[in-house]
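For 1-45, the entry in TrEMBL reads region 'Disordered'. Among the features that TrEMBL reports, compositional bias 'Acidic residues' is placed at 28-42. Residues annotated as transmembrane segment in TrEMBL: 116-138, 158-183, 189-208, 220-238, 310-331, 352-370, 376-394, 401-419, 431-452, 464-484, 496-518.
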Amino acid sequence: MTPKLLPRSQEEDEEHRLLANPASRGTDEDDEEEEEEETAYEESEKVVIVSVEEGDYDGGGGAIRSDDGAVATPPFSWKKLWLFTGPGFLMSIAFLDPGNLEGDLQSGAIAGYSLLWLLMWATVMGLLIQLLSARLGVATGRHLAEHCRDEYPNWARYLLWFMAELALIGSDIQEVIGSAIAIKILSNGYLPLWSGVLITAFDCFIFLFLENYGVRKLEAVFAVLIATMALSFAWMFGDTKPSGKELLLGVLIPKLSSKTIRQAVGVVGCIIMPHNVFLHSALVQSRKVDITKKGRVQEAINYYSIESTVALFVSFMINLFVTTVFAKAFYGTDIAKNIGLVNAGAYLQEKYGGGLLPILYIWGIGLLAAGQSSTITGTYAGQFIMGGFLNLGLKKWIRALITRSFAIIPTIIVALVFDTSEDALDVLNEWLNVLQSVQIPFALIPLLTLVSKEQIMGVFKIGAAFKVVAWLVAILVIVINGYLMLDFFSAEVNGLLFGSLICTATVAYVSFIAYLVLRGTAFCKWLNAVHPKRLVNSGN
């Protein structure tokens, strides 16, 4: 249908605004309260999306409409896609952090090429979750942590915040340790692990410095870091020359054996990062999008979907490079099960030697880029999580300092204690993976609950088919991570006292998950029928 430019009355504008964003209904007092809330970005910080193609679209007295009267989405523009590009690539860094790289190398060394299909589909599942996160942020103008503050009673809100912070700390420790290992490699062992941790700790100040120059400058730095990872691991891929035939068969033909179950669970488990779900819903607000105009919101969702898909395709290729390099080098060897993040570079050097640029240092450069980029995005996520859940009104640098301290202090202790023990560091990494696995339901369930509610999303709530697929993906991820936790605890938990504590914690854990699910489904329907306005703002 050919769009037409039709005049629109003030009443139609107001009706459309409320339809696109029902949460905007409220009193003047509500508006004043909202103005006092912390926001992901100040208006002056947001990137302005320059409108050229559609002229005065949705501005002033007219709007582009189709023949049936619905507001049309503006036509595709490469210029606009470029302006929207950025948040998806920052989000994709969580798919490339040192924890993921360790999962990749262990998968390749132990399972060979056989789990590449699972890596691909796990990335697709991760993309689905991240698209929902972006949809929530764009359609409502608020990120997930802010919605959780209003959606749940105080006790649940504080518990969700505590869980999100735990997940962030666990992820941050892995990322900082990964950077410290890279610094130790690149300094030829001169700098010990603890000094690498201290160097990495200052990245939050670099982040704050870069943020003063604008969102686009910060995104450019992350683009350089992602390009560094891509080039480093592609170079390794070219040096080791994995089998193209086996690679293609590994991607296209599903294959799983009892010997590779643990690696398969690890591949899926490390794709969904709890803090990343919170992060993406905030990052998309770095662009100026008028959420009262349906066409503008749909346009933003479309561009963010394209950008996120491209970003995660790049991350998939980088993960594929790492997996296939270690599959080619170590699959079927006696040392395959002994390879971890700490000794991977040394094993590669022993296998492939020097060359123009020793593979040990190529690995170190890629690992450093992964560690530094992921620690900075961790600081970013920490700001949004703390600001959204608690709304303390703190300045950004104070929130960044607090967030960084939460992770750096335990990481320094870890570096001092485990610096000389690779095996102990690997065990610690397993505990941190379990810590993050435990937190996944507390990000996914609130997200799926919110994007399914018309009171929150308006016309942008997900449909029935999409909802079923999203819940199936969430349940699959939760079950897989539950298997990882069960497998880990069955091997590590000994003694009656410790076992009793774990059982008690498990009961409380499952009960809280059940509460979140019930509150988001049948309970919410009943509450909506009795108190329809309460769901819009149910902070107490």
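Every residue gets a Cβ built from N, Cα and C, even glycine.
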Completion exercise
Sequence-distant contacts of the transmembrane segment (352-370), meaning Cβ under 8 Å and at least 6 residues beyond its ends, amount to 93, 96-98, 101, 178-179, 181-183, 185-186, 225-226, 228-229, 232-233, 235-236, 239-240, 329, 341, 344-346
Problem - Residues of the parent chain within Cβ reach of the transmembrane segment (220-238), under 8 Å, 6 or more residues beyond its termini - result: 89-90, 92-93, 96, 210, 314, 317-318, 321-322, 324-325, 348, 357, 359, 362-363, 365-366, 369-370, 372-373, 376-377
Practice task
Please work out whether the transmembrane segment (496-518) lies in contact with the transmembrane segment (310-331), by counting C-beta pairs under 8 angstroms that are 6 or more apart in sequence and asking whether there are at least 3.
Solution key: no
Problem - Stretch of maximal Cβ-Cβ contact with the transmembrane segment (431-452) [cut-off: under 8 Å; candidates 116-138, 158-183, 310-331, 401-419] - result: 158-183
Exercise for the section: Kindly say whether the transmembrane segment (116-138) and the transmembrane segment (464-484) touch, using the definition of 3 or more Cβ pairs under 8 Å where each pair is 6 or more positions apart. Expected result: yes
